[in-house]
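S.K.: The structure's right below; bear with me while I get my questions together.
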Amino acid sequence: MDLSTLTIAEARDALRKGELTSVDLTDAYLTAAEASDALNAYTTKTPEQARDMAAAADARIKAGDAPAMCGIPIGVKDLYAVEGVATQAASNILAGFKPQYESTVTGNLWSSGAVMLGKLNMDEFAMGSSNITSAYGPAISPWRRAGDETPITPGGSSGGSAAAVAADLCLGATASDTGGSIRQPAAFTGTVGIKPTYGRCSRWGMVAFASSLDQAGPVTKTVRDAAIMLGAMAGYDPKDSTSANLPVPDFEAALTGDIRGKTIGIPREYRVEGMSETLDTLWREGAEMLRDAGATIVDISLPHTKYALPTYYIIAPAEASSNLSRYDGVKYGHRATLAQGDGITDMYEKTRAEGFGEEVQRRVMLGAYVLSAGFYDAYYVRAQKVRTLIKRDFELAFGDGVDAILAPATPSAAWGLGEMQTDDPVQMYLEDVFTVPLNLAGLPGVSVPAGLNRQGLPLGLQLIGRPWEEGDLLNIAGALETAVGFTAKPERWW
Amino acid sequence: MTELTYTAPKPKVIPGATGDWEIVIGMEVHAQVKSEAKLFSGASTKFGAEPNSNVSLVDAAMPGMLPVINEYCVEQAVRTGLGLKAEINLYSRFDRKNYFYPDLPQGYQISQLYHPIVGEGEVLVDMEPGVARRVRIERIHLEQDAGKSVHDMDPTMSFVDLNRTGVALMEIVSRPDIRGPEEAAEYVRKLRQILRYLGTCDGNMQEGSMRADVNVSVCRPGDYERYQESQDFSHLGTRCEIKNMNSMRFIQAAIEYEARRQIAILEDGGSIDQETRLYDAAKNETRSMRSKEEAHDYRYFPDPDLLPLEIDQAWVDEIGAGLPELPDEKRARFVLDFGMTEYDASVLTAEVASADFFEKVAAGRDGKMAANWVINELFGRLNKEDIALSDSPVSAEQLGGIIDLIGQKVISGKIAKDLFEIVWTEGGDPAKIVEERGMKQVTDTGAIEAAVDEIIAGNPAQVEKAKGNPKLAGWFVGQVMKATGGKANPQAVQDIVRSKLGLE
């Protein structure tokens, strides 16, 4: 059995049938992870923990108590607090921080029997679209352009998660999505990434970037795996006031493959200037595939789409500037070495200047600015009003009978490291144009591999669903996945 | 409900070189919500614990921690609002007030700037019987307290104690309706009394359970009335805010000082800078802490970790139905039902416990007499010996027993005081003590007559004098009382003496 190509669903079935032990499966992935340093996907590996958890999982399976993720080795984005394991959100300011607590989402996964291989790289505090803001250095995509050795970004912020899943360094990975941080890396790496409805997963123990936008979700190899893993992560948590007190349906059971009678909306505002021809073609083909599977395709309008990016880049930094105030050198993490006579203000300034990277500093400043006296109404309050309009665009579309919306996940394929003008952060922000509207509206969205571009890099299509109907959304995504039949894998070079 | 009528007190006038001045005061009182747990975490609020022992992960602002509202604190805020006859906002919201300080681990305080839970209410501030100021409450909002920074334990380091971090406070904001230093102190006293009645704050000012920020400005006579007509604050002068006062005496002294400081500047042709000041009790002066220009930009915005706080009218009504009788109502009832003075009623209603004690004593007895005994004998004695009512050696039942014995003419008022002394020091059932120690009043006229005869027989000279001067009858009464050890019924002695001396 080639353990590296297994999906979560296949591994689960094999484990349950006794054809495989979690200890063996875990060892295979630990070996793969060990040999993957060129990808810089793992920031911390936890082999001892992994073996203990695998043995415990095998015992559970033997005892006939095998929940969905039992025995499945996964990676965890460095954003999630894992008890006793370095948790830094890829930031120097959390240097040496090992939480005494377990995030709700990872706790749910461990209860479900999942096995932790280690922590995964990401953009610092999840701020970025190419993983280059990580204090650990960027994660590298296992994908390369045909005949070109330029390192390619796996995207961000969940770049480590996407790279690890694409390179078969784990069966699935936790990720998080504030403005596209699950869907964009998934699209860049030929993997599946779902951001569920805001409130579906608890944010407790997940290092906060922008509280009203942050949402946990998995990156996996297939839609079915996404359904399984999301089901294990999700659930009401009284410790998170914004988590929804709703039962978690069986997402996997929703994967019937039957999408006859579904209405799929194609938003005209997502056809943007400079979009690659291949992507445009894949988008059109994707729509045709869904039609062939029995869905009705309709053109829809989401008129406030163009305001989504500026709205996002006011609200997200505003919340971040406040959320990151706790990193002050007083309680945990990095504290600057002070000079004789330095006072508390010096300690704050030096600690934060040393601890935060450039992009984080930029967003903290942006956020402080838009919230400051005299600007609050013009920026923050206005952005909240526009946010309501963006949300209403979707509500109207769904109200007209649309079941899901099909759009590209990103305007282009992944770029080579250093190719994106890093001195122009706005250029980078524009990469989020298709993903941020969902975060603003709190809607679920899933990125599914759609094909390769001419250079051999993956492209993804995004399906946007009704709130709390991730099951239906995943079913449509599954139909698309089946129709596309994406089987490409990166050639191993690391 | 019964209400007493009041007239407003005169505003304090400070004569200056250029004419009279008046003071205008508005207050922000921070009252710690009486609750076992903190506002957004399950950590204990117990005062005096080991430093940093009542700290949850949320209080320490660990990465990824989230606040969850403590419903009981909300209930307490609603109760407080209802007790101040205020409007309860069924929709309120929490905002973040951002600033850096080591005892503020989150880097922001969760407060309610834009949509507070309680709206307009009022407090009746009693100055003297029949005179009281109605001070309008603008709003009450819930917020987190900060921790404590300790700077004097080490020459190079500061220490932080997070025990108080995240404890729930109610900030009670008044309108600028307070018109003098005494009124300000009385306002805090009354607020404290109401909160203690409601059980929403223990009012312990030494422990910091109540602290006040005092806004003071001065204006000319007539300006305040102009403000009232126009609602234009510019008539009230530029205000300074004196921060963090935790004693009524200091509040009064600080306002007095601050008003005179402002008047001196204005009379000198200067102008007042709007600023935050601190009161130095040792020097009895206020000092500038930061100017308006140095004021923080707190970058308030709605806390995205918390949903808007929406409560039901039915729940508010339920809390309202469980409200205790409040000081104003209780005092009015005491005046009207027991016929006591407003002053006595105020003394008895100062605390729920004292009012309850009195009502127990007064039940089925003469109210005025009960008030008299509770205030003059018991409270007087407790005060003198610095004993709390809860530790009183004389219970309400015992005091009631003593009063019963007077009412039944078993003992005289004088003997009653001796009896009180015995109960105070030795305890016991008053009726039994009287019985056992032969303290019963002698009402047997035969015995009294014998005693009177004896005194008359032994003092012929006095008898002669008394016949000419009836006032001397009192001397005979005194002698008889002495001879009977005070147990003779004084009225009976009086009657018999007068008749034997032929004075009728």
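For all residues, glycine too, the Cβ spot is worked out from N, Cα and C.
Among the features that TrEMBL reports, active site, charge relay system is placed at A:K77, A:S157. According to TrEMBL, the feature active site, acyl-ester intermediate maps to A:S181. As annotated by TrEMBL, domain 'Amidase' applies to A:24-474.
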S.K.: Rounded to the nearest angstrom, how far is the Cα of A:S181 (active site, acyl-ester intermediate) from the Cα of A:S157 (active site, charge relay system)?
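M.R.: For A:S157 (active site, charge relay system) versus A:S181 (active site, acyl-ester intermediate), the Cα atoms are 5 Å apart.
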S.K.: Taking 10 A as the limit, how many CB atoms besides its own sit near the CB of A:S157 (active site, charge relay system)?
M.R.: 36
S.K.: Can you check which residue among the active-site residues A:K77, A:S181 has the largest number of Cβ atoms within 10 Å of its own?
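M.R.: Highest number of other Cβ atoms within 10 Å: A:S181.
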S.K.: Whole-number Å distance between the CA of A:S181 (active site, acyl-ester intermediate) and the CA of A:K77 (active site, charge relay system)?
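M.R.: Here the two Cα atoms lie 11 Å apart.
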S.K.: Going by DSSP, is A:S157 (active site, charge relay system) part of a helix, a strand, or coil?
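M.R.: For A:S157 (active site, charge relay system) - judged by DSSP and reduced to three states - the answer is coil.
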